[in-house]
Amino acid sequence: MAVTEAENPLVGEITCGSLLQKLQEIWDEVGESDEERDKMLLQIEQECLDVYKRKVEQAAKSRAQLLQALSDAKLELSTLVSALGDKSFISIPETTLGTINEQLAAIAPALEQLLKQKEERQTGAPAVDESDLSLKKLNEYQVKLQELQKEKSDRLHKVLEFVSTVHDLCAVLGMDFFSTVTEVHPSLDDTTGVQSKSISNDTLLRLAETVSTLNEDKKQRLHKLQELATQLIDLWNLMDTPEEERILFDHVTCHTSASVDGVTVPGALALDLIEQAEVEVERLDQLKASRMKEIAFKKQVELEEIFARAHIEIDPEAAREKIMALIDSGNVEPTELLADMDNQIAKAKEEVLSRKEILDRVEKWMSACEEESWLEDYNRDENRYNSSRGAHLNLKRAEKARVLVNKIPGMVDTLVAKTRAWEEDRGISFSYDGVPLLAMLDEYSMLRQEREEEKRRLRDQKKYGEQQNTEQEAIFGSKPSPARPSGPKKVVGPRANGGTNGTPSRRLSLNATQNGSRSATKDGKRDSMKLAAPANFVAISKEDAASHVSGAGPVPASP
């Protein structure tokens, strides 16, 4: 401890310096060693520190008591001002400046005056105008009293409604209701009696502002939670997350489409819950980056399925190789790649919608052509009218098929018009599995016309042959026809739409008029250089073809 050597100017006064000097003289006289002297000085210094510590602790305790007294005084002052409801009759001092004692001294007069005013209102008798003691005046006072009582009741009811709303909002948001409501006014605490609660205009205004703020917080948190829930669901679907992991965040995803007023579960919009969802989204984002190839190929499969349903030919192998190259090169961000694929999927879906009407008509046209093929097979069956099993079903189907076949030319004309309008609007050719649809329809119309002409020619030749036979029989007499070999007869039974072999076939080669062959790839699709068309529209009756005289042109074979 530093010791001041200067003596106090007051003569005869004992100071630390004089006592230390006296002690030194005694040590010199006794012959005390330096070690003992230092030890004694350290002991003196420690005792001085202990004295200072006790004094500091006492001062701190005293300050805390003063601060508590100041806080109690401020609270009591605020409560009295709210209870009396009128601040104009007294000046409220500024209690945030000066020392604690100065603040207490400043607040004391106002507090004393308010206490006095409160006591006067509670115990003092109201001044009465003794010059007017009529019943009319009494009724006026009674009416005024009822109005005030009703206003008090309405205000109290409104305050309680606000408090209840604050309680519910705090529960949903996971906030402390007590601190929130007492911040508006201390009397709104649950421990305070109903009649003691503040119902002043200021309290009602602040309660309304609090409810508005909490509602806005609820709206923002719900919006944030719904965004996180949507991201979670997208990431789960993208990575095929098992159900047991998804269940852990049911409390988040259950509010995906909820309205603000519909969320009432306590803690549903707590900040820690939102933070948990954010952490999970971030974790899944990182996991998504590590599984980029798997996810990208999954989206590619989705894109290929969309194109397949729309009968749009693409090169899936080239697309997959490009994806692999982009990921392996590291020149593209995973999020950018997935965003680009999502954009491709969205455009593909738009393309499907634009092609839907035409594709639906193509399907109806092809189905009608398949029915036409079946009808021709049915008409060639000599036993179609027998009483075999299913004959009546075939007869009904044949009637419907004839009606449908008569509509085929109109179907083709409408389909051509729709396709041309689509191509003019888009500026591109409408392809069906890689084949221009208009070319397919044009070839179909041409082959149908050739078929009709061939049928007429064969009928004329058959009629001519029958006429020749009749003339020969008239000259030489009739001859027995050679017996036809016995064998099982063909019976057309109910079967699926398709070609003459009973399997659906909707492709025709461009050179079908030359060799009539129809080859199919393993997956049922034609080679990209072949036109898509019904399989049966060049089919000719086998019996008619057999009766075709020599020298006639080539006849397309029946499928």
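Glycine is treated like the rest: Cβ placed from N, Cα and C.
Worth saying up front: this structure is predicted, and the values here are computed from it rather than measured.
Among the ranges 49-76, 161-188, 245-272, 413-440, the one that TrEMBL lists as coiled coil is 49-76. Between the listed ranges 101-158, 333-390, TrEMBL ties the annotation coiled coil to 101-158. Per DSSP, the secondary structure of the compositional bias 'Basic and acidic residues' (452-465) breaks down as 14 helix, 0 strand, 0 coil.
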